[in-house]
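Take a look at the structure set out below.
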């Protein structure tokens, strides 16, 4: 992600990253060694990090100040994939397992479920291997076709890039540019970490603390990601009439209220109305949906967002996605009776609720006098050079 932020201006990173993902997907089904599998997964991870950074920068460079709806649409596609992919995988695996079960398990229900024979296990392994192979091949081929389209767009857009390079830079940096980048790094760290943590552990929480059945817990997880994806779809249209700052404010207030309600009854979910956990989860998922794309659109209004800046945002999000769920899993293993996931949601919501007003205040600070004086000095030198006078003669 960091490398892509530094070099994105010079290379066709979206096309190359999707091509790298294609290579990894084609190679994974044939891996027989763990070291080779690790290498291919690393290639896919690096390619996805590059694509995540490059996609945001590409949207900002293409649409500029009007990138809000397009940014929401970009991240809506991420949410749809995260929601649909597990469902399709479950359907594929479920169908394969049912076809490979022994005959006694399907015809005689009075007999306890038997262990599959060696032949049945071999048939199941072969069928699952074939399904996985075709899944990787189909997805890899789709990404390969899309990468070719990116290469074509890049070759067609060479003249437009030359004109953009020749034009003078009109954007300016905010007074607290680097402070804003650092705060936004922490903001995305908390937000993405909370999003991934809740989506990963709500299934376990529902089974252990709410005493739900496995299918009910899975449905609760789907409600979270479904509301997340649906709200991102609605945000595409809302971004045309609402400022990014307004959308962020509504989102962080909604997440703070919903996480507060969920944490209040976290220890004793049985005392809560059964529908409350479902509603709270749906509201929390919907509130989390628009923060990341709106955050990038918001910061672009106040300062220059280049490849390095965008890579910093994505690195913060990636670190939150990696560190916070790991910390929650470790603490939950130690504190069995404490609903760590709900308290984490509340803590991260409180952090974002404090960080955004601070960032908004810094972003709206007027430029310092040093910038004004330097601008006046440059204007005076330009006038003198045009008139042929020096400062003494003036």
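From the backbone N, Cα and C atoms, a Cβ is placed for every residue, glycine too.
The transmembrane segment annotation in TrEMBL covers 7-28, 34-61, 73-93, 133-155, 176-203, 278-298, 310-328, 340-359. Among the features that TrEMBL reports, region 'Disordered' is placed at 369-394. According to TrEMBL, the feature compositional bias 'Basic and acidic residues' maps to 371-382. The compositional bias 'Polar residues' annotation in TrEMBL covers 384-394.
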Among the ranges 34-61, 176-203, 310-328, the one whose Cβ pairs under 8 Å to the transmembrane segment (340-359) are most numerous: 176-203
Ranked first among 34-61, 133-155, 278-298, 310-328 for CB pairs under 8 angstroms with the transmembrane segment (176-203): 310-328
